[in-house]
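Chemist: From TrEMBL, here are the annotated features:
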ACT_SITE  B:CYS24  active site, nucleophile
DOMAIN    B:24-243  domain 'Glutamine amidotransferase type-2'
BINDING   B:SER306, B:ASP368, B:ASP369  Mg(2+) binding site
There are 4 protein chains.
Amino acid sequence: MSDKHALPATLTYDPVTDRPQEECGVFAVYGSEDAGVLTALGLHALQHRGQEACGIATHDGSRFHVERYLGLVGENFTSADMPQRLPGNVAIGHVRYSTQGASVLRNVQPLYSDVRGGGIALAHNGHITNARVLREELVSNGAIFQSTSDSEVVLHLAALSRKSKLTNRLSHALKQIEGAFAFVVLVNDRLIAARDPHGIRPLVMGQLGDAVVFASETTALDMVGATYTRDVEPGEAIILSDGEMRSERFSPARAARPCAFEFIYFARPDSNIGGRSVYEARKEMGRQLAREMPVDVDVIIPVPDSGVPAALGYSEASGIPFELGIIRSHFVGRTFIQPNQDRRDMSVRLKHSANAAAVRGKRVLLIDDSIVRGTTSLKIVRLMREAGATEVHFRSACPPIKFPDFYGIDMAGQKELIAANMDVEQMAAKLEADSLAFLTVDGMYQAITGGPRNDRAPQLSDHYFTGEYPTRLMDHDRSLSAKEFQLSLLVDA
Amino acid sequence: MSDKHALPATLTYDPVTDRPQEECGVFAVYGSEDAGVLTALGLHALQHRGQEACGIATHDGSRFHVERYLGLVGENFTSADMPQRLPGNVAIGHVRYSTQGASVLRNVQPLYSDVRGGGIALAHNGHITNARVLREELVSNGAIFQSTSDSEVVLHLAALSRKSKLTNRLSHALKQIEGAFAFVVLVNDRLIAARDPHGIRPLVMGQLGDAVVFASETTALDMVGATYTRDVEPGEAIILSDGEMRSERFSPARAARPCAFEFIYFARPDSNIGGRSVYEARKEMGRQLAREMPVDVDVIIPVPDSGVPAALGYSEASGIPFELGIIRSHFVGRTFIQPNQDRRDMSVRLKHSANAAAVRGKRVLLIDDSIVRGTTSLKIVRLMREAGATEVHFRSACPPIKFPDFYGIDMAGQKELIAANMDVEQMAAKLEADSLAFLTVDGMYQAITGGPRNDRAPQLSDHYFTGEYPTRLMDHDRSLSAKEFQLSLLVDA
Amino acid sequence: MSDKHALPATLTYDPVTDRPQEECGVFAVYGSEDAGVLTALGLHALQHRGQEACGIATHDGSRFHVERYLGLVGENFTSADMPQRLPGNVAIGHVRYSTQGASVLRNVQPLYSDVRGGGIALAHNGHITNARVLREELVSNGAIFQSTSDSEVVLHLAALSRKSKLTNRLSHALKQIEGAFAFVVLVNDRLIAARDPHGIRPLVMGQLGDAVVFASETTALDMVGATYTRDVEPGEAIILSDGEMRSERFSPARAARPCAFEFIYFARPDSNIGGRSVYEARKEMGRQLAREMPVDVDVIIPVPDSGVPAALGYSEASGIPFELGIIRSHFVGRTFIQPNQDRRDMSVRLKHSANAAAVRGKRVLLIDDSIVRGTTSLKIVRLMREAGATEVHFRSACPPIKFPDFYGIDMAGQKELIAANMDVEQMAAKLEADSLAFLTVDGMYQAITGGPRNDRAPQLSDHYFTGEYPTRLMDHDRSLSAKEFQLSLLVDA
Amino acid sequence: MSDKHALPATLTYDPVTDRPQEECGVFAVYGSEDAGVLTALGLHALQHRGQEACGIATHDGSRFHVERYLGLVGENFTSADMPQRLPGNVAIGHVRYSTQGASVLRNVQPLYSDVRGGGIALAHNGHITNARVLREELVSNGAIFQSTSDSEVVLHLAALSRKSKLTNRLSHALKQIEGAFAFVVLVNDRLIAARDPHGIRPLVMGQLGDAVVFASETTALDMVGATYTRDVEPGEAIILSDGEMRSERFSPARAARPCAFEFIYFARPDSNIGGRSVYEARKEMGRQLAREMPVDVDVIIPVPDSGVPAALGYSEASGIPFELGIIRSHFVGRTFIQPNQDRRDMSVRLKHSANAAAVRGKRVLLIDDSIVRGTTSLKIVRLMREAGATEVHFRSACPPIKFPDFYGIDMAGQKELIAANMDVEQMAAKLEADSLAFLTVDGMYQAITGGPRNDRAPQLSDHYFTGEYPTRLMDHDRSLSAKEFQLSLLVDA
């Protein structure tokens with residue numbers, strides 16, 4: 001009999017811990033009286049890039065207006081008085097997946113600061129890899145930080161720059177930072193959009209009537225009805241001022257090397273990156289996987305929703321039927337109480353349930369876009385067996401993930417990456433799969449870029465699989481060589 | 001220039017108005033010390049049947065415990081003290097789509113009443129078609145109603161019954177009501193599960209160790225790990241008392257005639273109804289549609305998510321590729337401000353966006369499970385054309401919906417049903433589709449039951465398509481013949 | 001050192017448990033287009049009679065509108081759309097101190113019910129002493145109760161009455177109940193105001209232009225600018241219908257016998273009861289106390305705020321200076337964490353602090369309106385000593401409270417009443433007071449009525465002091481003679 | 001008839017606009033394991049000094065913990081896990097009346113900043129009169145401000161100071177600011193308490209066992225059981241570090257010149273300032289007023305609650321009876337809907353009602369602590385006449401307020417100060433009073449300091465009455481001589 005006085009076990013749904021988390025999306029409009037309203041719509045289309053917080057800043061010709069909230073765009077930027085609350089012809093916006101806990105509103109973007117000559121509002125997707133080094137130096141010189149966000153160093157560098165023009169001060173700041181970034185910045189009524197020297201994070205430009213629009217993904221251009229013009233180039237800053245557009249470089253010209261994971265998981269399938277359809281790339285990764293790693297099964301079953309395009313591609317190339325063998329609930333049940341008498345792990349069922357009609361008595365191939373820690377994968381393999389699958393095979397539509405990211409993706413640490421700690425055979429045993437295989441690195445390149453990896457100048461940021469990082473990692477190297485330095489003495493509520 | 005003082009136009013996402021709404025799901029457990037906890041898990045699996053409110057009642061051997069909330073199960077029944085708050089070995093639960101506005105907590109179920117001999121708690125899926133007639137009579141005899149819910153008449157009929165045993169009083173009440181219903185009722189520590197005389201609404205029984213479980217759908221049995229025993233039969237009441245189970249009939253034996261829309265749209269694809277897999281039925285409707293209504297196109301595109309199984313079936317039968325040509329956002333944006341300068345209807349984009357890579361330059365066939373008003377269908381046809389489709393055809397995986405429901409489904413009124421007011425050609429023009437076709441009634445029967453419609457004893461409740469209602473419609477006939485009678489003089493906040 | 005793992009002690013402010021609680025106030029308007037708005041203002045003036053919940057019902061000529069909330073009037077009935085939300089020329093309202101826990105919204109008044117011939121909305125101050133007996137009989141006959149409130153029996157009695165006119169059915173119901181009550185009732189667009197046969201609870205009538213107003217206290221008439229007409233008489237029902245007023249009796253004519261505690265504590269000092277100023281009565285109780293129970297001290301210090309008028313009277317009659325020796329905080333701090341190292345009881349300080357300048361080195365006389373349990377009294381005596389008082393004497397401006405109330409006052413049970421369990425000397429020791437004395441019963445009568453108690457026909461309901469209850473106590477006698485019967489099997493959340 | 005479509009007039013209670021607002025209170029503890037818990041209790045005792053926001057910062061030996069909230073202390077710092085959430089032996093706290101709108105959480109104190117060598121948390125009562133000038137210079141040198149609070153300049157000055165020890169850097173900052181201030185500051189685990197060079201704002205020190213406590217008022221020492229040690233001196237900084245206390249001066253020794261309004265209105269009556277009981281000072285102002293400005297009336301009636309002590313003093317000195325002629329509601333009703341048909345201004349009644357029994361037929365003298373704009377005074381005079389007073393005289397227990405404050409008191413601007421714009425006769429007419437008189441400046445000095453004003457070295461900050469400000473007003477002079485400079489370009493939500 002159960003002990004009524006013991007705290008009941010709880011049953012937590014945990015996909016968050018088993019899936020990399022994109023940290024941000026940005027959007028901006030220059031030259032439309034609807035700038036604030038359009039930015040809300042654009043951010044809604046980028047909501048998959050960050051659901052914990054959102055913010056919009058506008059400039060009305062004389063003053064800034066900033067609103068920042070925890071929660072979704074659709075919960076916070078839909079009231080009828082938005083045009084009055086966020087007036088102006090220029091706007092920037094941000095969605096964020098906060099890694100520092102839900103309550104830290106002070107880290108929500110756009111960040112804002114009064115500076116000599118006016119004000120700067122800034123939204124950032126990515127990660128500055130020398131932010132801690134810069135911050136330590138700034139604090140030591142008397143700077144006061146309002147957040148623990150790496151993005152704030154840009155504000156300080158611009159504030160401290162002795163250049164006379166404010167836009168020049170921002171360019172001055174951009175030259176001092178390293179890493180991956182897509183910035184949209186309001187400098188009074190001027191808009192600056194800038195992308196990191198390697199083009200790791202995506203940033204596209206579009207046209208909407210007379211207005212210019214910037215977004216992390218093309219799907220946000222589609223949402224507001226803008227037409228895609230071009231990608232912002234690596235190391236390029238595009239400045240809109242007094243109705244004129246000009247382009248500046250703050251680093252040498254270089255081919256973009258976009259993050260492979262945008263293609264694999266983060267970007268919406270209806271977006272294009274560097275002109276390549278994300279949906280097509282994913283299907284092709286599935287087709288390539290079928291060619292590289294065939295298996296004799298009765299049905300192809302995607303791990304929903306992210307495994308669906310690759311599974312369609314695999315089915316197409318292999319001729320094996322595609323079935324919805326797993327039903328995903330859209331009602332999130334973060335934590336339920338685990339029944340006392342139940343000895344199974346029920347947590348997977350809160351989100352996924354087996355469709356026995358498609359599974360029972362079949363040899364099943366599960367396709368997922370990637371395997372990070374493998375914890376959910378194991379639960380899904382077991383779910384298939386409980387539903388009557390006679391064999392359960394597993395394929396990952398990307399290569400084994402062996403190295404962490406330092407460019408704004410909150411993936412597990414290296415110790416938790418299953419592929420960093422086991423070979424494929426061990427992983428198959430761990431996942432209790434009858435077979436396990438991964439797409440090869442060259443297969444991935446083939447699917448995304450149409451050719452093999454150029455090892456001297458790789459076309460993608462593929463450090464997850466190769467360990468080759470496109471930039472120096474100054475903060476990281478520092479904390480490995482010395483003891484970890486603390487970002488702030490403040491423990492926030 | 002826009003008038004800053006005018007109220008800005010708002011941009012509302014409206015799938016709710018273009019999709020029938022199931023009004024409820026029920027779940028019950030008898031004989032487990034985890035009854036309350038299991039009921040929460042079971043209701044989570046039934047959340048798709050009603051998202052506006054939820055409630056659980058338990059009996060601890062001497063007293064009842066009831067908690068009812070607006071909102072989702074996962075928001076309300078997950079705290080660690082649930083076993084203390086909802087103690088007892090017997091529980092019933094309810095999820096509800098409220099048609100009377102979000103704030104009417106007094107209508108949320110389970111309903112409860114003290115009666116002579118104890119108490120009754122009751123949860124109901126369906127609709128009692130003579131509830132208003134009964135209510136009028138009860139009020140005229142001095143009964144005081146606490147809700148405007150049709151379910152409350154059952155409580156009053158049981159309270160007023162002069163039978164000596166409480167369970168007999170409930171049976172007495174069940175004999176007086178007409179319509180569609182699946183009831184789970186606590187009469188003190190006894191549990192009664194009852195299904196309407198025609199088996200219109202679903203209700204299944206399962207076993208979990210020594211405990212007996214009832215649920216609207218088999219997926220909820222899977223969630224808690226229970227095994228399916230059988231369906232509750234039409235007109236049957238199953239009574240669990242003192243550890244014993246017995247079955248009673250309150251109407252003559254008759255084959256079940258389940259609601260066709262459970263197969264078409266409402267039930268989860270991983271559920272079985274009357275032993276038939278819902279997923280398989282939907283795929284087969286797609287295959288049948290391909291056979292009946294072929295069309296020469298390049299790609300099959302489902303209207304997500306409900307059109308997916310039928311589209312897979314159509315693709316399979318026709319050999320035409322299946323593509324995710326429409327991406328659905330899972331972030332609900334109910335209302336956004338419409339930009340002033342935009343002349344397009346952007347509302348569809350808040351939920352659906354075209355995946356141009358799969359659509360551009362192609363002849364497209366859209367497949368949806370059904371067409372109710374046609375308003376969303378039109379928007380999606382336009383979305384496809386804007387994305388570059390050269391032709392856009394449309395197929396509905398169920399027959400034309402011409403008649404309203406009176407059994408608990410909140411579908412549009414007859415005036416709003418597009419198929420009740422136009423022929424197929426007119427509808428195609430209205431939807432701006434290059435062609436439009438519907439599954440035939442016999443094709444639907446073939447897919448669901450494996451044979452044609454038996455016109456003398458139809459195997460399904462198919463009044464949506466045929467106008468043949470399985471029961472009398474006493475309230476409805478009364479309000480057509482006389483002036484509509486008012487349910488309550490109270491206008492609720 | 002403290003144990004960091006131990007639950008820290010909490011520090012709770014508890015005046016609520018040491019002060020009788022009035023349970024309700026009522027207000028009503030007939031014949032003003034502002035009926036709802038005026039009722040909100042009137043209820044605000046009666047807020048001291050109940051702070052846990054409030055509600056207003058109006059009738060717009062064809063339908064009822066009811067809004068009920070937990071919380072204060074000023075938090076719930078102030079929005080600009082009130083006239084639209086609560087339309088009509090007739091309104092009733094209620095403020096409530098709920099004894100059944102904050103969350104039981106179903107017990108908040110006005111109660112409402114559809115009945116044969118229309119609807120009834122009802123608000124009640126007081127307590128029906130045969131409500132349980134009536135309820136048991138009603139439930140046994142099939143009635144379903146929506147609340148555990150004693151007031152609901154009136155709705156059922158009226159609903160079941162076979163009288164043809166609805167107002168007659170209400171009168172029929174009033175004849176069957178016993179106890180103390182002031183009712184304001186809407187029967188469709190008619191207003192009925194009724195007071196119990198002994199006039200225990202107060203109810204006054206006023207005129208505001210063409211409109212008629214009813215209220216528990218005259219201060220609410222002042223708030224809306226109405227002029228006092230007269231008290232509703234004991235056993236009288238005043239009916240306003242079709243613009244006409246008529247008076248009916250449902251019990252024999254009898255002099256009112258108002259509750260003594262309205263004069264002592266409950267009513268606002270600026271109200272009049274039966275023509276007597278409450279403020280004047282309280283001052284006179286203080287003067288009388290000075291005459292009856294003199295003491296040689298340096299200063300008179302009221303226990304704020306309720307002891308102030310009596311202390312002013314005592315000071316006036318004795319010539320001893322009145323000083324604000326205790327400062328009361330208006331910021332409620334229900335629960336704070338008790339510091340680990342502190343051994344004093346700090347809870348009293350959350351609400352009261354000593355004004356040492358008025359106390360140090362002085363012989364102090366504390367005056368309070370009454371002593372119920374004595375727990376706060378003790379803390380205040382200690383507070384005075386800590387602040388440097390050389391002697392601390394205590395006087396209660398009413399006689400010793402020895403008997404509980406059954407007419408709607410939530411006073412402590414008899415076991416907790418200090419005067420029911422100790423003689424004056426024991427009480428003085430318990431309160432650590434240098435002397436203690438109470439006003440005599442005749443002194444109280446003298447102060448309130450201008451003469452001694454008429455023992456054959458007491459002019460007040462004075463059972464607190466005498467044990468002579470003005471009515472039978474049917475429910476109470478029943479539960480003493482048999483085992484306590486349970487009101488409901490439902491344990492509410 | 002009323003126009004149903006017009007927005008109904010609202011009825012707003014406005015004492016806030018007619019009463020000066022103290023902006024802050026501070027509290028600090030050094031050397032107690034209960035530091036956080038004691039600070040919550042201390043702040044509760046200072047709640048009258050600011051009700052819009054509150055915050056506590058502690059240091060646990062290695063890190064800071066800060067929690068800041070909108071709302072009352074009792075609403076935010078009472079949960080049982082406070083000792084875990086705010087650990088450490090040293091704590092500072094702050095209550096604030098925010099003048100910038102309720103939502104500006106970024107302005108709530110304690111402010112915090114990482115700096116070279118550690119961190120600084122700071123709480124401030126008062127106003128820095130050269131904050132804008134300093135801020136402009138700091139921003140121009142690249143500083144980024146996180147708030148618009150004047151207090152933040154201190155953080156920046158300390159962060160930029162090149163002194164090596166952190167406490168020295170804070171002293172360096174204190175030397176650069178002007179105005180009125182009481183600071184409690186955590187510099188890592190050191191506590192610094194500092195008071196402005198003129199001692200305008202109060203700050204006292206107490207002892208609690210081994211711990212040292214600082215507070216804005218002595219009543220907060222009483223709350224936590226600490227004994228008063230002494231006032232912090234003007235221009236003194238007391239530093240607690242490594243268990244040692246030392247005192248430093250950052251300005252020349254000078255007698256304190258406390259703000260007269262602390263005695264008149266702000267401080268709690270049970271506090272002492274500079275050894276003088278506030279309650280005694282107020283009573284004495286009343287006695288002095290009776291001597292200076294006698295009048296032949298029947299009753300003395302205080303404007304509650306702040307006029308009570310002066311009215312008691314006036315009554316004592318004049319021999320005229322003191323009566324509670326106005327009853328104040330403690331239930332705030334900020335905004336109610338004004339009835340359509342009512343032509344009176346009902347707003348005063350939401351807070352004050354006449355006690356006719358004490359007023360009718362009497363010649364009344366109203367006593368208030370001060371008259372700022374006179375709007376409420378006028379309403380109260382009318383209230384007395386409506387209640388039947390035959391004459392209504394008015395006396396202010398402080399001299400006429402002719403000049404605004406710049407030291408942290410949010411009083412009306414000079415244009416709104418009635419005494420700055422009218423002579424006494426005009427004011428009497430405006431207030432519709434039969435006579436009006438004010439305490440003289442020397443009378444006020446007599447009551448507070450025991451002697452007349454020393455014109456060469458006034459003992460109080462009395463600029464309200466005399467226009468003699470104790471300090472330069474650099475920001476103010478600058479904005480008068482040039483155009484007003486803007487604090488920030490950001491319009492906050």
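Going from the start of the chain as shown, residues are counted 1 onward.
For all residues, glycine too, the Cβ spot is worked out from N, Cα and C.
Note that the structure is predicted; figures quoted are calculated from it, not measured.
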Chemist: Which residues, in sequence order, are found in the same chain with Cβ within 8 Å of the centroid defined by the Cβ atoms of B:SER306, B:ASP368, B:ASP369 at the Mg(2+) site, excluding those residues themselves?
Modeler: B:ILE264, B:TYR265, B:PRO302, B:VAL303, B:GLY307, B:ALA310, B:ILE367, B:SER370, B:SER396, B:ALA397
Chemist: Between B:ASP369 (Mg(2+) binding site) and the residue listed as 'active site, nucleophile', how many Å separate their Cα atoms?
Modeler: 20
Chemist: Compute the C-alpha separation of the residue listed as 'active site, nucleophile' from B:SER306 (Mg(2+) binding site), stating it in Å without decimals.
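Modeler: Rounded to the nearest whole number, the Cα-Cα distance is 19 Å.
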Chemist: As a test of reading the model: what is the averaged pLDDT for the domain 'Glutamine amidotransferase type-2' (B:24-243)?
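Modeler: Across the residues of the domain 'Glutamine amidotransferase type-2' (B:24-243) the model's pLDDT averages 92 on the 0 to 100 scale.
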Chemist: By the DSSP assignment reduced to helix, strand and coil, which category contains B:SER306 (Mg(2+) binding site)?
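Modeler: SS state of B:SER306 (Mg(2+) binding site) = coil.
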Chemist: With DSSP assignments reduced to helix, strand and coil, which class does B:ASP369 (Mg(2+) binding site) get?
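Modeler: In the DSSP reduction, B:ASP369 (Mg(2+) binding site) maps to coil.
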Chemist: Let me check the 10 A CB neighbour count of B:ASP368 (Mg(2+) binding site). How many other CB atoms are there?
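Modeler: Excluding its own Cβ, the number within 10 Å is 23.
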Chemist: I'd like the Cβ neighbour count for B:ASP369 (Mg(2+) binding site), meaning other Cβ atoms within 10 Å of its Cβ, all protein chains included.
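Modeler: The answer is 25 other Cβ atoms.
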Chemist: On the three-state reduction of DSSP, what should I expect for the residue listed as 'active site, nucleophile'?
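Modeler: Where the residue listed as 'active site, nucleophile' sits, the three-state DSSP reduction gives strand.
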Chemist: If we count other C-beta atoms within 10 Å, could you say which of the recorded positions B:CYS24, B:SER306 has the fewest?
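Modeler: Among the recorded positions B:CYS24, B:SER306, the lowest count of other Cβ atoms within 10 Å belongs to B:SER306.
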